Amino acid sequence: MSMLAVPTEQRSEKSRVICEGDVVVVYERHDRMKAVTVAKNGELQNRFGVFPHNEWMGKEFGCQVKGRNGAGFVYLLAPTPELWTLALPHRTQILYIADISFVVSFLELRPGSVVLESGTGSGSLTHSLARAVAPTGHVHTFDFHEQRANAAREDFARNGVSGVVTVKVRDIQGEGFPEELAGCVDGVFLDLPQPWLAIPSVVRSLRPDGLVCSFSPCIEQVQRTCEVLSKHQFADIRTFEVLLRSYEVRHENLSTSFECSEQTFSKEATKSPPHKRQRGEVDEKGGPESEGHAEDPNGGSKTAAGSIVKQSRPVIARPYPETKGHTGYLTFARQATCM
Ligand SMILES: C[S@@+](CC[C@H](N)C(=O)[O-])C[C@H]1O[C@@H](n2cnc3c(N)ncnc32)[C@H](O)[C@@H]1O
């Protein structure tokens, strides 16, 4: 199944069903995914058990499947550029979704756009570029590392995006982008150690009003790139650092202890008759049933010391302690036309 967007009206029931040869993203958790090509008599083994591919065929993408020993389950997801970024084989450092989505938006990509990229690396960004410009646009991506370019080409074919992506081996810092693309490119993306060396060739490639973006991990690289962009009359030069703050959302057992006298507890207890809540019943504050101690009328339990322990399982959202930090700087600029 292709990773490129298919308009809903063209999508038959069959295209959502898993077939032999399909790439499936096996999802255990948001940070634990694996891309698997479905093969007759193939098996996936993980900590949840053994998953025979034969049992996946004919099921819908998005389904949950249990391991052979029934100990656990995984979800079988249709590959998308976003999931691929999380599941791909790392051959280099890669761009992640926060930077990727920013790049696609700020390069103003749309169906029909022509984009140049270097280096290809692991192809993480390339898949999102391909989907943005499909079906009538094209991504020309270049890497001077032959094995990396070949491996990326295989991934693009496997994921059904090679119709809109061409991979070539080329030293972009040394040779620049090919002359035959000069003047007809809408956007250029650079992820190179010395991007400023490629700027003269970017100038030749871009159409008037076209956009360039350069990703660099170090501010010294950004400074040199900006100097060269400025020298070549680029307009609207801006640098961004995209920082993502993720929150984990989950139910948490909360116990609140209230000190009170025996008298207070008895007085409260006479206000309303004790009500034994049913399993799964939610109290008026939104907390699900409490477990464990004997219940008080207000959903708490009384301990021997005379305190009431309130128990609830509210949904909690809090930032992950290991929030991802700096990945790099994104510098954008627009090709200005001098009158
Ligand atoms: C960090 S990786 C790019 C990762 C890519 N953006 C992704 O998201 O998967 C940088 C790539 O640039 C390539 N590269 C470095 N210098 C180059 C040059 N002069 N010409 C072409 N490619 C180059 C490297 O081989 C490497 O694969």
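Keep in mind that glycine also has a Cβ here, set from the backbone N, Cα and C atoms.
Bear in mind that TrEMBL entries carry predicted annotations, made automatically and left uncurated.
According to TrEMBL, the features are:
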type: BINDING; residues: S122, G123, S124, L125, D143, D171, D191; note: S-adenosyl-L-methionine binding site
type: REGION; residues: 262-326; note: region 'Disordered'
type: COMPBIAS; residues: 279-296; note: compositional bias 'Basic and acidic residues'
*According to DSSP, folded down to helix, strand and coil, what is D143 (S-adenosyl-L-methionine binding site)?*
strand
*DSSP three-state call for D191 (S-adenosyl-L-methionine binding site): helix, strand or coil?*
coil
*Look up S124 (S-adenosyl-L-methionine binding site) in the DSSP assignment and reduce it to helix, strand or coil.*
helix
*Using all protein chains in view, find how many other C-beta atoms are within 10 Å of the C-beta of S124 (S-adenosyl-L-methionine binding site).*
26
*Measure from the Cβ of D191 (S-adenosyl-L-methionine binding site) and count the other Cβ atoms within 10 Å, all protein chains considered.*
25
*Measuring CB to CB from D171 (S-adenosyl-L-methionine binding site), give everything in the same chain under 8 Å that is also at least six residues away in sequence.*
F144
*Compare all C-alpha positions of S122, G123, S124, L125, D143, D171, D191, the record's S-adenosyl-L-methionine binders, and send over the largest distance in angstrom.*
20
